[in-house]
Each structure stands twice: as structure tokens, then as C-alpha cells.
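Let me begin by presenting the structure, written as C-alpha cells, before commenting on it.
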Amino acid sequence: MRVIAIVLDSVGIGEMPDSSEYGDQGSNTLVNTARAVGKLNLPNLAKMGLGNLDTIEGVPSMPAKGAYGVMLEKSPGKDSTTGHWELAGIILKKPFDLFPNGFPENLIKEFEKRTGRRVIGNKPASGTEIIKELGLEHEQTGALIVYTSADSVFQIAAKEEIVPVEELYRCCEIARDLLDEFGFKVGRVIARPFTGNYPDYVRTPRRHDYSLEPEDEMLLDVLVQSDIPVYGVGKIYDLYAGRGITESYKTDSNIDGIQKTIKLIMEKQHTCFIYTNLVDYDMKYGHRNDPHGYAKALEEFDFNLPEIWKNMKEDDFLFITADHGCDPTTPSTDHSRERVPILVCGSKVRKNVYLGIRESFADFGQTIADLFGVRKLNNGTSFKSLLLH
């Protein structure tokens, strides 16, 4: 038996009951994207029941080839780390620390001391905008561009020709250690290398995330302890700080992630968990408020879905979900606090089963643990009994 789980990063399906506390009322990544572009052409996701969850222009409601529902986020927050941790069974009591006014001066001073480089920026900003704003000064002085966002992130941007990527990575490791020493609960430190000339800088694919170690036992730990290999595709390794990952496969685009997932399905014929994150929706289109790019990326995934189905075996399960929203049609360029779809199919899965509104993303992880027959996670309610005949 194998479980293949694909997280469509930021593909939310409507506001959470508490969205207004996050300034996200009215957000609905899928519905609003479809409306903005006229319609979405997602015939295969429609077959999995996506159109039964909301009125998505172009995606009809129809009897599903498996099970479908939505999941609510129990943890406070709306970032990838919080979302993925909850998918794996960790519900945060307190949100990660945010820095709407930049990082404290004493932290930055110590960071400068340990890296031997000055810091410029130190404020919330769009990554593409801040390199345009401070890129020249960075080139002239070698200072590191440090910035944050509405998420719990400490980001360091540097031009590859000014600060070699290996040094940038070392600076990120210093930042990770420092934040932990200072007692700040920051989800991720992110290396943001770029290249090119002012004002047309471009970020290179050598981004690297340094995640906070998951604060509790979670799905991947339990699987690996039970000798079930976990194959992480995309940024899965980074989001769990490498915990519970047997092998990791980096990707440079959604299509690369899809192809690597299909290759694993074809090659790894033993019992295993294949866990993929496709980040382009979020990184390339959601944050940049580009509904047309977002729609195209969804359609590209949909087009490749039959290839995944074709390579699944009798006792395989496919789960498709998301980790938060990032509505490209709202004025905000940040993530949105949204519900997420949960779609499941496989030969053993009952047809056209409505899973309802699940109280937590952790139901996803608990169900997968239940299917593998490993010990229960600390959070979540399994819906295995709804899936199987």
C-alpha cells in the first residue's frame, strides 16, 4: 500500500470563520481566481469532486470518483509551516512570532557581528520589491538585505556575485541559531539569492529554507519509526526541518515536482508515503496577485493528473489538499486564512463520498496514519471509515 499526498500550496477554497481577524474576509483563492479569468478548466479535479465544494466557474459539480470535503485550520496563523505541521498532526497553541516593524535592534546587531556583514532593510517587504529598492546599495556595500513579511519569516537576500550562495546559506544558519537563542519562534529563515542588474534583478532557484524543528511528534516521525519510507518532493524537507524524511527531492517548478512525483510512483513499488508540495501557485502567482498565472498553473496540474492515476496500483491512495490560501485577486499580496479542499481517490475508495467540513487539517494526517495501521497521532480525527468500502 502506498499513499501519495500532494499539497497544492496556497490553493484555498474560502474564508475561515475567523478570517476577519486576519484581514482576509472575502478571500477565496479558487472561486475568485476562476471569476477573475472567466473560468477554470479543471476536468480531472472536477472528477475528484472539486466542483462540489463551492461554485467555481468552469468546474462543474458532478458525482466524484472518490471522496471530497473541506478542512478548517485549528492552529492560529496562515503560513506554510503552520499548515504543513497541522496536516501532519501538530496544532499550534500560539502562533509563530511576527515582526511588523522589523527585527529587534539587539538581534540585528548580534547578527551583523556574527556574519561580519552590515544589514540593510529590516522591515516587512515584498521580496521582488526590496531587491529593486536596495539592490544597488547591496552591490556597492556588500550589506545583507534582511526583511520579513506578514508571515513568520526572516529572509536574507543577496546577489550571488556579491555574496556567494554558500556564504548566504551560512548567514541563514547563523540567523536560525540566533533566533532560537533569543527565544523567538520564527517559522522559517529563508535564503533568497538573486542575480542580474539594477533594476531587473531576478531571484535564482537556489532559495533555501531553514525551518523551525517541529515541536511535537507528527505523522512523518511515526511512519519512519514504523519502517515506512517517506519520500518528500519540493519543499517538504524544509517545512519539517528534515524530520521523518527518508529521501528528499528538490524541485525548481510545479511541473518538475509533478514529474518527480510520477517517477516516484513508477519506481517505488513498496509500501511508502510520497509527499509532494507544489509551491508555484503561492510563490509565483498568489503573492504576485497574478490570477492568470495561477489559473494556468492549476490547469497544468489538472492536465497531468491522469498520468498519476494511470500509475497508481490497486491499493494506492491519492490525497490532494492545500496548506492555506493566497488569493491573487485581493489587494493584499500575503497569504489568506482559508479553508482547504481535501480530495481522495484510489481503487479502494468509495465513490462520491462527502467528507464534510473537517474540524482540523490534522484529520488528513490521522487518516493517513490509520490507513498505514501505525499508531495514532496526538491530534485529528480519522475519516478512514468513510473512505473504504
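The backbone N, Cα and C atoms fix where each Cβ goes, glycine too.
Noted in Swiss-Prot for the protein shown:
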BINDING   Asp9, Asp323, His324  Mn(2+) 1 binding site
BINDING   Asp282, His287, His335  Mn(2+) 2 binding site
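Counting only the Cα atoms, the space from His335 (Mn(2+) 2 binding site) to Asp323 (Mn(2+) 1 binding site) is about 10 angstrom. Sitting within 8 Å of the Cβ centre of Asp282, His287, His335, and not among those site residues for Mn(2+) 2, are the Cβ atoms of Asp9, Ser10, Met283, Gly286, His324, Cys326, Thr333, Asp334. Taking the mean position of the Cβ atoms of Asp9, Asp323, His324 as the Mn(2+) 1 site, the remaining residues of that chain whose Cβ falls within 8 Å of it are Val7, Leu8, Ser10, Val11, Gly12, Asp79, Ser80, Gly83, His84, Asp282, Ala322, Gly325, Cys326, His335, Val340. Cβ neighbours of His287 (Mn(2+) 2 binding site) (same chain, under 8 Å, six or more residues apart in sequence): Ser126, Cys326, Thr333, Asp334. Distance between Cα atoms for Asp9 (Mn(2+) 1 binding site) and Asp282 (Mn(2+) 2 binding site): 6 Å, as a whole number.
On its own chain, Asp323 (Mn(2+) 1 binding site) has Val7, Asp9, Ser10, Ser80, Gly83, His84, Leu87, Asn277, Val340, Phe361 as residues at least 6 apart in sequence with a Cβ closer than 8 Å to its own Cβ. DSSP assigns His324 (Mn(2+) 1 binding site) to coil in the three-state reduction, outside any helix or strand. Rounded to a whole value, the Cα-Cα separation of His324 (Mn(2+) 1 binding site) and Asp282 (Mn(2+) 2 binding site) is 10 Å. Secondary structure at His287 (Mn(2+) 2 binding site), as computed by DSSP, is coil.
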